[in-house]
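Chemist: Feature list, courtesy of TrEMBL:
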type	residues	note
DOMAIN	30-284	domain 'ABC transmembrane type-1'
TRANSMEM	54-71	transmembrane segment
TRANSMEM	127-148	transmembrane segment
TRANSMEM	154-175	transmembrane segment
TRANSMEM	240-262	transmembrane segment
REGION	311-370	region 'Disordered'
COMPBIAS	314-358	compositional bias 'Low complexity'
DOMAIN	371-601	domain 'ABC transporter'
Amino acid sequence: MLPQARRFLGARLRVLAALGGWSLLESAHTFLGGYSVAQALDRGFLAGDTRTGLLWLAVAAAAVVVGGFANQGVFRGLAGLVEPLRDGLLRRVVSASLREAVADPARADSAVVSRITHQTETARDSFAGLVLVARSFLFTAAGALLGLASLAPLLLLVVGPPLLLGLALFLATLIPMAARQRDYLRADEALAEEYGAVAGGVRDIVACGAEDRTAARAAQLADAELGAARSLARWAAARTLSLGVAGQLPVLLLVFATPWLLDRGVTAGELLGALTYLTQSLLPALHTLMTALGAAGTRLLVILDRLTGGHDGPPGAETPGPGAPGSAKGGAAVPRPDMASSAAPPAPDAVPSAAPDAGPGGGPEPGAPAVELRSVTFAYGAGAHPVLRDLDLTVGAGECLAVVGPSGIGKSTLTGLVAGLLTPGRGEVRVLGRPARAWPAGEPARLRVLIPQQAYVFTGTLRENLLYLCPGGAPPEAVSASAEAVGLTGLADRLGGLDAVVDPAVLSQGERQLIALARAHLSPAPVVLLDEATCHLDPVAEERAERAFAERPGTVITVAHRISSARRADRVLVMDGAHAVCGSHDELLDRSGLYRDLVGHWQTVRV
Ligand SMILES: Nc1ncnc2c1ncn2[C@@H]1O[C@H](COP(=O)(O)OP(=O)(O)OP(=O)(O)O)[C@@H](O)[C@H]1O
C-alpha cells in the first residue's frame with residue numbers, strides 16, 4: 001500500500017506544491033489570529049490606545065479574509081488529487097471483476113456492485129476529507145504553536161503536555177478502529193451479496209418454500225452488520241475521550257494556571273491570544289482531524305486495502321459464493337447451490353410416500369387423498385369478487401385430473417392454492433392429508449411440483465436443469481428415462497447430450513416446456529400440477545408428455561389446453577365460476593353445457 005501511495009503522490013508533485021502554498025497562507029492566518037488579538041489588548045485597549053487596538057483587530061479581520069481565500073485555493077488543488085484516485089480505483093475494480101467474470105462466468109460476484117458504487121465513492125470522499133483535515137491540522141498547529149511561542153514560551157509548557165497526551169491516546173485507537181471498520185465493511189458486503197442472491201432467486205425461493213429460511217439468513221446478516229456498526233460506534237466514543245484530553249484540557253489548564261503565568265510576566269493580552277489559538281484554531285482543527293482520521297482515515301485504509309486486492313485474496317475472493325446467482329439469459333436466475341440444497345426437495349429416498357408417516361408433526365397422512373379442497377373460497381383482495389367460491393374437490397392418490405374452463409375463471413388460482421402459494425380466504429386445502437400451507441419450510445417442494453405455462457430453464461447443463469428438483473441427485477439412468485419418457489431425447493441429442501450447456505435464450509417455448517416437464521417427471525414429488533405446461537407443444541408431443549405423467553407414480557392435475565388432455569384424464573373438473581362440476585369426459589358431455597361448449601370450441605379450432 002505504501003509504495004503505491006508514494007507512486008501516486010510522486011506523480012502529482014505540482015498539485016502537492018500548490019496545496020502546500022495555499023496551506024502556508026492558512027498557517028499565516030492562524031498565526032495572525034491569536035497574535036493580533038494579544039497585541040490589540042496589550043498595546044491597544046489596555047494601554048489606553050484604542051486606535052492601535054482597532055488596527056490590530058483589523059489585522060485579525062484581514063487574516064480571516066486571507067484564510068478564506070487560502071481555503072478556496074485548497075479546494076481547487078484537492079480535486080486534482082482525489083478525482084484521479086477515484087478513477088484509478090474504479091478502473092482497477094472493473095478490470096479485475098471483468099477478468100474474473102470472463103474466467104468463470106458461473107461465479108457472478110454481486111459484491112462488486114458495492115465496490116464500484118459505495119466503496120469507491122467512499123474512498124474518494126474519505127481521501128478528500130483526510131487530505132483536507134490532515135493538512136489543515138498540520139499548518140494550523142504550526143501557526144498556533146509558533147504564535148504561542150512568540151507570545152510567551154511559558155504558554156507552551158501549559159498547553160503542550162495535554163495536547164500530546166490526547167494525540168497519543170487518539171493514535172492508540174486507530175488500529176482497533178481500522179479492524180472494526182473492516183468488520184463492518186465485510187458485513188456490509190455479505191449483506192449486499194445475500195440481497196443480490198435473494199433478488200435474483202425470488203422465484204426459486206418461493207417455489208422451493210424457502211421463504212422462512214431465506215428471511216432468517218438475511219436477518220442474521222443484517223444483525224451481523226448491526227453488531228459491527230455498534231462496535232465501531234463504541235470505538236468512536238473512545239476517540240471522543242482523546243479529543244477531550246487534547247482539545248479541552250489545555251483550555252482548562254490555561255485558566256487554572258493564569259495566576260501562575262501572570263506572576264511570571266505573561267500579560268493579559270498574551271493569555272487572551274493563547275485562548276484564541278486554542279479555541280479558534282487548535283480545538284476545531286483537532287476535532288476535524290480526529291473525526292476524519294478516526295472515521296474517514298480508517299475507512300479509507302480498509303477500503304483501499306480491499307479495492308486494490310491487498311486483503312486475503314483478490315477482490316471478491318473472500319465471499320466466493322460458488323453459486324452466486326447470475327441472471328441467466330431468458331430471465332431465469334441460477335439458484336445458489338446452498339440455497340437449493342436447503343430449500344429444494346431432498347433425495348428421492350427421503351420422499352414421503354402415501355403410506356408410512358414421515359414422523360411426528362410432518363409427512364403425509366396415511367390413506368389421505370392426494371388433494372382435498374373443502375368449501376374453498378378465494379379472492380385476490382379483501383373487497384374483490386371471489387375467484388373460487390365454496391369449491392369442494394377430492395383427488396385420489398394416483399389419479400389424473402384435467403381442469404377446464406373459460407379464460408380467467410380461476411384454473412391457475414386453483415393450482416396456486418394446491419401448491420400452497422395462495423391461502424384460501426375460507427375453507428381448507430389439504431395435500432396428502434395436511435393443510436397445503438402448513439408444511440414446514442422446504443417440505444412443500446418435495447410433495448408437489450408446479451409447472452407453469454412459462455417454463456423455467458436456467459443457464460447450466462441440461463442435466464443440471466433436470467436435476468434441479470432432486471438436490472440429492474438421481475441415477476443417470478433415471479435422468480435419461482425421464483428425458484426419454486417426456487420426449488426430450490431428440491432435443492438433448494441436438495444440444496449435444498445431457499451434459500451440454502443450455503442457453504435458455506436460444507430455446508423455443510416448446511423446448512423449454514419439454515425441459516421443465518422432464519424435470520417435473522424426474523422429481524420425487526408425489527403430486528404434479530401442470531398449469532398449461534404443454535401449451536407450446538404440438539398435439540403429438542403433448543400426448544407423449546401426458547402419457548409419461550400418467551404412467552409415473554403419483555397424482556397429476558393438468559390445466560388442460562386441448563380436448564385431448566381432458567379425454568386422457570381419469571376425471572375432468574369443469575370450472576364455471578358459480579359452481580364446478582367434476583366427472584368423466586362422457587358424463588360431463590351429458591351433464592355440463594359449458595363442457596359441451598368447450599369441447600365444441602376445441603373441435604372447431606382443432607388445436
Ligand atoms: N395476482 C392476481 N391479483 C389479482 N387478480 C388476479 C391475480 N391473478 C389472477 N387474478 C384474477 O383472477 C381471475 C382468475 O385468474 P386465473 O389466472 O386463475 O384464471 P385462469 O382460469 O387460469 O385463466 P387462463 O385460462 O386465462 O390462464 C382472473 O380474473 C384474474 O384476472
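Cβ coordinates come from backbone N, Cα and C, glycine included.
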Chemist: Please give the sequence-distant neighbours of the transmembrane segment (54-71): residues at least 6 beyond its ends with Cβ less than 8 Å from one of its Cβ atoms.
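Modeler: Residues 22-23, 25-26, 28-30, 32-33, 36-37, 39-40, 43-44 contact the transmembrane segment (54-71) from elsewhere in the chain.
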Chemist: Checking distant contacts: for the transmembrane segment (240-262), what same-chain residues at least six beyond its ends satisfy Cβ-Cβ under 8 A?
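Modeler: That would be 152, 154-155, 158-159, 162-167, 169-170, 173, 268, 271, 274-275, 278-279, 282-283, 286-287, 290.
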Chemist: Within the same chain, where does the transmembrane segment (127-148) have neighbours whose Cβ lies under 8 angstroms from its own Cβ atoms, ignoring anything closer than 6 residues to its ends? I mean 6 or more beyond.
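Modeler: Long-range Cβ neighbours of the transmembrane segment (127-148): 19, 23-24, 26-31, 33-35, 74, 78, 81-82, 85, 155-156, 159, 273-274, 277-278, 281-282, 285-286, 288-289, 291-293, 296-297, 300.
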Chemist: State the non-local partners of the transmembrane segment (154-175) in its own chain: residues 6+ outside its ends, Cβ under 8 Å from one of its Cβ atoms.
Modeler: 145, 148, 235, 238-239, 241-247, 249-250, 253-254, 257, 261, 264, 266, 270, 274, 278, 282, 286, 290, 293-294, 297-298
Chemist: Take every residue in the domain 'ABC transporter' (371-601), average their pLDDT values, and give the whole-number result.
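Modeler: Mean model confidence (pLDDT) across the domain 'ABC transporter' (371-601) is 89.
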